[in-house]
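Some features that Swiss-Prot has for this protein:
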- 31, 32, 33, 34, 35, 80, 81, 111, 134, 170, 285, 309: NAD(+) binding site (BINDING)
- 113: active site, N6-AMP-lysine intermediate (ACT_SITE)
- 403, 406, 421, 427: Zn(2+) binding site (BINDING)
- 587-668: domain 'BRCT' (DOMAIN)
């Protein structure tokens, strides 16, 4: 055997041992013997660099330093899941599905919901080429070098696999590894980590991949995304992923009814604490991929999947004090400061009290013993008071009447739960919060400028609103704490680059109350520019798709405010994009203007997205459900019987794929 063959044999042996241990949980070699073989391979590779292979087991130890993580678009969007908290919720979900599919017999895949950091890993020709964090679902941070250090993730695949696909999973930190890491920190006098989930998530963003390699992270895979995949069901997809070398949890189960879903939930609600890692629920997916395609997606989540959350854990502790926070819109949020208590794997020191009504409803008082619950919330909540332990001298909590930051008298609008500080342009947290919102990734996405720096700029009198950002010069900010020449230049350059951000994002960045990302996109698309929007009447706004009276009034109030008018004029002067830039499609026409289409089924010449784009490029609108307002239904193979029946009943023309293409190619 020559040197190259020896190296290749060692690599194959070590890869197989890694797979046996980290994926199959079956050690087939002692740690000592494994290390001896790994050292032998390292020595041979060092002596013969001409045989270097980036997928060698020796490259698992990391060593690459990443100073800035690139943000890259997901090829296939990473959706969130809708949550359910009762079996009744699941029955309602199944009923909604059946109304679309036509009361067919359904199978479901039940999988445990692991509490970690979501990841999307891309493979091409059997090799790992890229790994992205979830990010906002549309784009994520590239963490490929760090992901390659996790031994349960294959660098090369086994068997017969698609040429290109993405696989999604959860990066988790098992309890044993987490406890070992914390024990090592305690021994050297360092602060231990708070919980496995945050530690796993933070590990992905460490700059030195060698540090990531030291952490006992694992990856549990749960879905494959791609075109022309070699399976027709979710469960077959999991089995295929196992054959390719991925660690797919064995707990996943294929069931034939909602009752079997309930049985799965009941079993794991009792036995989940025996698992070596955190799980907070069950994910239920329609098993048939064809049915998944038929059901489609909402703006945020797949209609064919839902998460069932296990009931929250509770703990009791003492309420030490109540503090009040001011948000960017002036909303006051009371927060309970608690004696630290262990809850669901974390140390809890604070809990949300929501508003004055909640404090009054629970009759919460300082020094009370309270019951704290942690569900899906970032901050836990108080659910009850232990009245038997209440001190005799306790006093009823009086909700504050003035802003804790600027001392302005608070207001409470009719029908709203929150109190507000009306000092919109003079209250420091509101000013800072608005600027922080303006610079955020989904808004102006200003690189080199973070929330702490915004607070520092305000504290030093350099900014009082987001228009002031465009007046900043490097020499103005060099004297700030932790601000070097390069940092100052990056900040100013980031602000300058934000002038390229499109109108819909600018509109969201302005921070108009009730105008989120989706609403901002609709308004930008409808009005085309800021001047037309600012002059719109209440009735004009309400007529825009999905814009109700509450949003419309908020938009009008924003543009009627003199301070806002001044800020917008300044932003115009600085060159901010206040007009929609129409992207010209040379093949676009107006032949479908005023027509609404519903697309259903599976197509051979178009993907569903391509078909929808063809409709929109030619002036048409794509609806999600069939109604009297639908003009055409484009029906692919295996169109749902319920949709077919409804379209027929309403006498809506049903076009085959070929008929649609003919219609598309007709001259106007």
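If you go along the chain as it appears here, the first residue is 1 and each next one adds 1.
Each Cβ is built from the backbone N, Cα and C atoms, and glycine gets one as well.
On a predicted model such as this, the values are computed, not experimentally measured, just so you know.
Location within the structure of each feature annotated in Swiss-Prot.
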residue : record                                  : Cβ contacts under 8 Å, 6 or more apart
81      : NAD(+) binding site                     : 283, 301, 302, 305, 306, 307
113     : active site, N6-AMP-lysine intermediate : 279, 280, 281, 282, 283, 307, 308, 309
134     : NAD(+) binding site                     : 78, 117, 118, 119, 120, 140
285     : NAD(+) binding site                     : 108, 109, 111, 234, 292, 304, 305
403     : Zn(2+) binding site                     : 326, 332, 409, 410, 421, 423, 427
406     : Zn(2+) binding site                     : 421, 423, 426, 427, 428
Site of maximum Cβ density within 10 Å, from binding-site residues 421, 427: 421
Residues in the domain 'BRCT' (587-668) grouped by DSSP into helix, strand and remaining coil: 28 helix, 16 strand, 38 coil
Model confidence over the domain 'BRCT' (587-668), averaged pLDDT: 83
Beyond the site residues 403, 406, 421, 427: chain residues whose C-beta lies within 8 Å of the centroid, for Zn(2+): 326, 330, 404, 405, 407, 408, 422, 423, 426, 428, 429, 430
Where residue 113 (active site, N6-AMP-lysine intermediate) sits in the secondary structure, as DSSP reduces it to three classes: strand
